[in-house]
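Record features (Swiss-Prot):
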- 1-99: domain 'FAD-binding FR-type' (DOMAIN)
- Arg50, Pro51, Ile52, Ser53, Leu67, Tyr68, Arg69, Gly74, Thr75: FAD binding site (BINDING)
- Cys218, Cys223, Cys226, Cys241: [2Fe-2S] cluster binding site (BINDING)
Amino acid sequence: MLQTEMKVIQQTEIADKVYELILSGECVMDMSPGQFLMLKPSRSDLLMRRPISICSYDKSAQTCILLYRVEGDGTEDFSKLSSDDTIDVLGPLGKGFDIDRTPEPKTALLIGGGIGVPPMYQLGKELAGKGVQVTFVNGFQSAKDSFYEKEMTKYGTVHIATVDGTLGTQGFVTDITKNFLEEPDVIYSCGPKAMLEAVKASFPETKTYLSLEERMACGIGACYACVCPKADDRNKQFKVCEDGPVFRADEVSL
């Protein structure tokens, strides 16, 4: 974990209120799939950092890409960043996806919903690099909300579901996965709680890994703002920012 200043290389709106932010900094060298950064808004009245998942990184260039949706004052502040600006960053944080499983999977299903899609990109890239056959299933509300379909096709097969049917299959991600004839060796998912519950119920929990989207304040496990009940004892809790955000499905109670 490192508090540092990162330089803005470029920022582009790539979907409705969804921005692609490219940053440069030495902390990229410590990144792994499924981790996140805590970004500090520039406005003095916005005291809390905002957690943004890491979409991808290039360690040789020391750059990373963050994708986020403008949903409040903090992310609205980030959307005003432009080339050569700097931003105060804490991270990389959290325990991400374990891609060094034994035995090594031959097939992997990556399910993302909305702003839970970004961390699936780097994960899929690294799995494909290890020879794993990757299938992406991405869910959005509408075609205007979709992003990174073309980028993901470089590393696997991509399926899209939209609630209004304007792109791909009408419905939810599980309306696609329920028609798959073969069960993958491992399942990874990130997205809204309702989607994660559906994924958890659809596949064997011992080979399903969920990245939880909880509101965070500190990002380092000090404030207990992002807790999640443990599956074996709901009176005990995980701190999502420190113990996760990635958990095996049978470890957590959603």
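A Cβ is built for glycine as well, from the same backbone N, Cα and C atoms used for every other residue.
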Entries of Arg50, Ile52, Leu67, Arg69, Thr75 which, being binding-site residues, have CA atoms within 10 angstroms of Cys241 ([2Fe-2S] cluster binding site): none
Residues of the domain 'FAD-binding FR-type' (1-99) by DSSP state, where helix covers H, G and I: 11 helix, 50 strand, 38 coil
Length of the line joining the Cα atoms of Thr75 (FAD binding site) and Cys226 ([2Fe-2S] cluster binding site), in Å: 19
Site diameter for FAD, Å, by largest Cα distance between Arg50, Pro51, Ile52, Ser53, Leu67, Tyr68, Arg69, Gly74, Thr75: 15
Neighbour tally for Cys226 ([2Fe-2S] cluster binding site), based on other Cβ positions within 10 Å of its Cβ: 24
In the chain carrying Ile52 (FAD binding site), residues 6 or more apart in sequence that have Cβ under 8 angstroms from it: Leu21, Phe36, Leu37, Met38, Leu39, Leu66, Tyr68, Phe78
Entry from the binding-site residues list Leu67, Cys241 having the most other CB atoms no farther than 10 A: Cys241
Distance [Cα-Cα, Å, rounded] between Leu67 (FAD binding site) and Cys226 ([2Fe-2S] cluster binding site): 21
For Arg69 (FAD binding site), nearby residues of its own chain (Cβ under 8 Å, 6 or more apart in sequence): Lys17, Val18, Tyr19, Thr75, Gly114, Ile115
